[in-house]
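Since the structure comes first, as structure tokens, the remarks are kept for the end.
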2 protein chains.
Amino acid sequence: MNTATALTHEPPCTTALRGEVAVALPMRHAGVQGVNLRYELQGPAGAPVVLVAGGISAHRHVSASAEFPEKGWANALVANGRTLDPARVRVLAFDYVAADGRLDVPVDTADQADAVALLLDALGIERLQAFVGYSYGAMVGLQFAARHPSRLRHLVAVSGAHRPHPYACAWRALQRRAVALGQLQCADAAGLALARQFAMLSYRTPEEFGERFDAAPEIVNGRVRCAAEDYLDAAGAQYVARTPVTAFLRLSESIDLHRIDPAAVQVPVTVVAVEGDRLVPLSDSVNLVEGLAGRGQLRVLRSPYGHDAFLKETDRIDLILAAVLRGNGAAA
Amino acid sequence: MNTATALTHEPPCTTALRGEVAVALPMRHAGVQGVNLRYELQGPAGAPVVLVAGGISAHRHVSASAEFPEKGWANALVANGRTLDPARVRVLAFDYVAADGRLDVPVDTADQADAVALLLDALGIERLQAFVGYSYGAMVGLQFAARHPSRLRHLVAVSGAHRPHPYACAWRALQRRAVALGQLQCADAAGLALARQFAMLSYRTPEEFGERFDAAPEIVNGRVRCAAEDYLDAAGAQYVARTPVTAFLRLSESIDLHRIDPAAVQVPVTVVAVEGDRLVPLSDSVNLVEGLAGRGQLRVLRSPYGHDAFLKETDRIDLILAAVLRGNGAAA
């Protein structure tokens, strides 16, 4: 059943639309599952299509538009005057499989990549000008490039590699244990908040914390409270309000399940690494580019925002996207 | 009441002895508290005394002896042929105030330093040849040097500085939240185990995890299980078996309460920093040495063991101790 009615029923002047496509998805660890692929497509008909995929908490609403004015998760990158200018490029994004919390099975990055191919079929898009993936999205992009090479011209893989690093896996495994500890007594929200707070430490850097949270701790009700705890409280609460526990667990696991042989990727890939990223060490990005042989090129940023640089260093990321995408005609 | 009967009642050939001293300790945040200071002293009478103090989970049993043959926590550093050779040096160590879990108040590193002075009084030790502190012990050593400068000749501060780094504070605050989440439903052991597992990630490095836990994850009972999880399970269980929850909470807080002005330290200090330490950034060690002006010297190690290098790179640590202590006559 294709429920992508938005595509055909919106008035022609509309530049952003949303829809949902029901597909039967053969999954690597869970057989064939019926899933709804929720997407958003912004930009003029006929323009080249760039798919943008973010971390596990990203979603289909990448940037604000007249139709959907709320702020998107990559609002500063998909905007007028940027390389990903929705006046000149069609930007496609989707909610990850399992992001709605209804699918409680192991999810592989290969499953997400196959879901993208089914979505492109449903939308009548033969080929992406580029797949811009960040974090989990970079992993999905590598799978997509390996499994559906005829469906994209270029992959930009930011802060994600051919494997999760074993240290980062351990960090995520403990986050999932925090959720499990909360679930033991139906304190699901408390467990998920703690997991998110630990995740925040992996996304950011000591440099940033040193600048922001240098105040001495206080003793409150006989307990020590550190300067960063207000920030961490807010980060946990904000995440819990929008994230089903099952979605977090299955997508967190999905990062750890990810493995791909770089030699299986036969399209051009720009790998963007961030020096100081505490989840994706530079050495893994270098190994990825080596495995890609002549098909890969490496760009390295240094940022106090670590793993989150894609969302924070938007001017520098845009320069990289310009070099890559304008070079191959995406936004010429 | 001085219960240090071991000192006088042991036969003279004994080279290791244990005792307990009851003192009234004026505490910075909790008034005067009665505490028992449990110590161990190993080495020949009349030899110079070196106090060795470790991380918050260290204790008075530093190394094996004929009298106490179980392995100590710094067994490879306090041994025949080492700079800290118990045939030539008296090695003193103590259980930290609050380590028994009976004192449920905020504990400052200044309190620990004052406890050391009271212990020296009780033992009739006028002056330490050196105070060798690692991690929390380095913080306590800095306080001791600032508050009781006449009681030591030299401080060796390894992997600890004049302040905890704000990022490390946040990491520990979240560990304490894991304990609190467990306590919500009387799953104290589960909470403490999770806290310890998160702490292990801060003590070690991605390099080590990359070498040891590179295997792909497995799907066990429908859930993803990472390669490091067996190791983390063991680390958690081992810690829970020997650590009261209250002791962990109060000593973890104590690290975060620590602050000292390096200018207040007027004895010679050797600061040992580990490049790659995820808790104590090199920049904080450099700032400490700068604040010590001519009284401080910096030694930098690079180690895949990060914060735990003191316990793992024992040959290199011993070389540093030799240069420092033999240079000032401690073990000549």
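The backbone N, Cα and C atoms fix where each Cβ goes, and this holds for glycine too.
Bear in mind that the values here come from a model prediction, so they are computed numbers and not experimental data.
TrEMBL annotations:
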- A:S135: active site, nucleophile (ACT_SITE)
- A:D277: active site (ACT_SITE)
- A:H307: active site (ACT_SITE)
- A:84-313: domain 'AB hydrolase-1' (DOMAIN)
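Around the Cβ of A:S135 (active site, nucleophile), 26 further Cβ atoms fall within 10 Å across all displayed protein chains. Cα to Cα, the residue listed as 'active site, nucleophile' and A:D277 (active site) are separated by 11 Å. According to DSSP, A:H307 (active site) is assigned to a helical segment.
Counting every protein chain shown, 27 other Cβ atoms lie within 10 Å of the Cβ of A:D277 (active site).
The separation of A:H307 (active site) from A:D277 (active site), Cα to Cα, is 5 Å. Cβ neighbours within 10 Å of A:H307 (active site), excluding its own Cβ and spanning all shown chains: 25. In the three-state DSSP scheme, the residue listed as 'active site, nucleophile' is classed as coil.
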